[in-house]
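Trainee: Below are the features listed in TrEMBL for this protein:
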DOMAIN    1-66  domain 'FAD-binding FR-type'
BINDING   ARG15, TYR17, VAL32, LYS34, LYS40, MET41, SER42, THR83  FAD binding site
Amino acid sequence: MLSRGKDSQGEEVMRSYTPITLDSNIGYFELVVKMYPNGKMSHHFRQMKEGDYLAVRGPKGRFSYKPGQVRAFGMIAGGSGITPMFQLIRAILENPKDKTKVHLVYANVTVDDILLKEELDNFANKFAQRFEVYHVLNKPPEQWNGGIGFISKEIIKSHCPEPAQDIQILRCGPPPMNKAMATHLDALGYTSNMQFEF
């Protein structure tokens, strides 16, 4: 969905957001919004008070999911690119009839930047046979047991399902990351119909 607001100079700003609620949640939706110190839309959200209205338009997505559509998803997310993944992960795992497996590789700068970490860790514990998450950090703390740096071909190969007709790799992150991931996926043998970019 598209949201419209005003930055600190009064200029109109539009940003895309993905609800994290399920389509079956009628009458409301929830958004995850990362607040940046100098972010244009962040300024608008900081000015809002409970009861204020937010201009939105949508939905505008191109991806639709039916339970059992694939055997497994590999998901590659960077930063706030987790939101479309989270909505899908939640839909899959909260449907007891859906046996789809989900492998998430999630990149951030620091541990504090990991959005929805508690929720993702809870899913990994509760649905260990169907969901795994592998975190990659540019600036990890000491004693870090996840990935370090950027998502590499080796990380994808180790933490995503192998290329096959019954899997799909989804990616969402900053444009340079999406471009690098497309190059890695192509090199690893994932065909274009096995890949989708939000």
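Cβ atoms here come from the backbone N, Cα and C positions, even for glycine.
Map these features onto the structure and tell me what's around them.
Mentor: Secondary structure at MET41 (FAD binding site), as computed by DSSP, is helix.
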Trainee: What does DSSP assign THR83 (FAD binding site), in three states?
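Mentor: In three-state terms, THR83 (FAD binding site) counts as helix.
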Trainee: Hey, does DSSP put ARG15 (FAD binding site) in a helix, a strand, or just coil?
Mentor: strand
